[in-house]
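> According to TrEMBL, the protein has these features:
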type	residues	note
BINDING	THR37, GLY38, SER39, THR40, ASP90, GLY91, ALA92, ASP93, LYS103, GLY104, GLY105, GLY106, LYS130	substrate binding site
ACT_SITE	GLU112	active site, proton acceptor
Amino acid sequence: MTQATLSQDQLKEAVAAAAIDEVRPHLHRDSVLGIGTGSTANRFIDRLAELRHDFAGAVASSEASAERLRSHGIEVFELNSVGTVPVYVDGADEVNAHLHMIKGGGAALTREKIVAACAERFICIADGSKKVERLGAFPLPVEVIPMARSYVARELVKLGADPVYREGVVTDNGNQIIDCYDFMIDDPLAMEARLNAIVGVVTNGLFAARGADVLLLGTAGGVERLTPA
Ligand code: 5RP
């Protein structure tokens, strides 16, 4: 198979492997790593399993990732008992040149944002399809307190979004998700703050105030290592 025919799955495998090299300097017997959620993060977890004796354990951004880590014999710590993590590795639904992201396709955005806030370094791993000029073609997830769902949806309409309730999904925090369609974002930093100011919003999926420090992007030509423009 030539590089040009690499599938999205193969690109995810490639960036997961590259992320192992990126975190290797942070592995020692006391280190606790931050681990994200999703199919790309899962590949990273599976590779990390081979190194499980080289570090203390991990903090996970979802119950699903915690379960996967434990299944590999990696100890999962409570974030409150750890404080900061030296490095957080996670995927993204979209990422721009400033390494601002849309996340939350897997409904884990709140815990992802909390672990990212406690990370000294955020390494985003993504296949090439996730890199965009302007954020917003992927519907922006917003986690809401259930009783505020209709109110928040009306406020999102005022901002120009087409909000759609993600039916049947309950987050790890017991909340609900609204996805904002037709919502192209010119100023991710300002919009992240604007959305957070709506009463009833727990988190929105814009990761601009705390973007990634490094993007490992899987492309047909290999894994590109990008830093914020
Ligand atoms: C989950 C996320 C994921 O990082 C994002 O959805 C990317 O997932 P995948 O690696 O499966 O493409 O934010 O809430």
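Just so it is clear, glycine is given a Cβ too, placed from its N, Cα and C backbone atoms.
TrEMBL labels come from automatic prediction, so no person has curated them.
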> I want to verify one value. Collapsing DSSP to three states, which class is LYS103 (substrate binding site)?
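DSSP assigns LYS103 (substrate binding site) to coil.
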> Within 10 Å of the Cβ of LYS130 (substrate binding site), how many other Cβ atoms can be counted across all chains shown?
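Its Cβ has 23 other Cβ atoms within 10 Å.
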> Whole-number Å distance between the CA of GLU112 (active site, proton acceptor) and the CA of LYS103 (substrate binding site)?
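Distance between the two Cα atoms comes out at 8 Å.
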> Apart from THR37, GLY38, SER39, THR40, ASP90, GLY91, ALA92, ASP93, LYS103, GLY104, GLY105, GLY106, LYS130, which residues in this chain have a Cβ no more than 8 Å from the mean position of the Cβ atoms of those residues at the substrate site?
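Output for this site, in sequence order: GLY36, ALA41, ALA108, ALA126.
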> Max Cα-Cα distance in Å among THR37, GLY38, SER39, THR40, ASP90, GLY91, ALA92, ASP93, LYS103, GLY104, GLY105, GLY106, LYS130, the residues listed as binding substrate?
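Looking at THR37, GLY38, SER39, THR40, ASP90, GLY91, ALA92, ASP93, LYS103, GLY104, GLY105, GLY106, LYS130 as a set, their Cα atoms extend up to 15 Å apart.
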> For GLY105 (substrate binding site), list the number of other Cβ atoms lying within 10 Å of its Cβ atom.
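Summing over all protein chains shown, GLY105 (substrate binding site) has 20 other Cβ atoms within 10 Å.
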> In the three-state scheme derived from DSSP, which category covers LYS130 (substrate binding site)?
helix
> According to DSSP, folded down to helix, strand and coil, what is SER39 (substrate binding site)?
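Note: SER39 (substrate binding site) is helical by DSSP.
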